[in-house]
Amino acid sequence: MTLFPVLLFLVAGLLPSFPANEDKDPAFTALLTTQTQVQREIVNKHNELRRAVSPPARNMLKMEWNKEAAANAQKWANQCNYRHSNPKDRMTSLKCGENLYMSSASSSWSQAIQSWFDEYNDFDFGVGPKTPNAVVGHYTQVVWYSSYLVGCGNAYCPNQKVLKYYYVCQYCPAGNWANRLYVPYEQGAPCASCPDNCDDGLCTNGCKYEDLYSNCKSLKLTLTCKHQLVRDSCKASCNCSNSIY
């Protein structure tokens, strides 16, 4: 079975867009993310892999299912458009990242997620790809420390010539920050950043807000959260002092 996990630049312009067909492949229908057991598989697989990172992470949040992210992911999967969605179309109350997976045969969600994670074989922590131009962005999003909400959707796209099986996961808040792209988490003993909020090596004190500026922590110190700019643009810094964000 040939599997093809790909990024936007690998497929844009090469594969046309066709809406998903209602005639579902029976095996693929069993993977629909409206089912509780499928949601559980997706969340558990992500958390299994997040616990397994090397070097270990001191601030890795435990993932949980998010219905709004799942609805956005399913809506995009239904388009059978093999490129990344517009960022505005994967907004919840947070900005969300996205991983895509296409396959020539029906794969389990665990296989799809594992394929993203396996990019770690070509990744040096804090440095980047070991091989020039190697794809590692799926891996870094899967293990991005602050991305603790996940929602996924899939579609059967029979009008595509080869890659008929389409999987989309969205992650909130989004990872892969440009200013620390190859440092997806802080190294250290598991849960060192959350000793009172730890579940088997993963932190459980995520923040439902996000900062819009990279210097929000310093803005909070100099202007305080009473300043409207800080209050409106640095919601994580102002509201999540005991959380990981």
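Every residue gets a Cβ built from N, Cα and C, even glycine.
The disulfide bond recorded by Swiss-Prot for CYS203 reaches one of CYS194, CYS207; that cysteine is CYS194. Among the candidates CYS216, CYS225, the disulfide partner that Swiss-Prot records for CYS238 is CYS225. For CYS234, the cysteine that Swiss-Prot lists as its disulphide partner among CYS216, CYS240 is CYS216. The recorded disulfide partner of CYS191, taken from Swiss-Prot and restricted to CYS198, CYS207, is CYS198. Proximity of CYS198 (disulfide bond) to non-local residues of its own chain (separation of 6 or more, Cβ distance below 8 Å) is seen for PRO190, CYS191, THR204, given in sequence order. The two recorded residues, CYS234 (disulfide bond) and CYS207 (disulfide bond), show a Cα separation of 12 Å. Tertiary neighbourhood of the domain 'ShKT' (207-240): same-chain residues 93-95, 146, 173, 177, 179, selected by CB-CB distance under 8 Å and a gap of 6+ residues from either end. Secondary structure at CYS234 (disulfide bond), as computed by DSSP, is strand. In this view, the densest Cβ surroundings among the disulfide-bonded residues CYS207, CYS216, CYS225, CYS234, CYS240 belong to CYS234, judged by other Cβ atoms lying within 10 Å.
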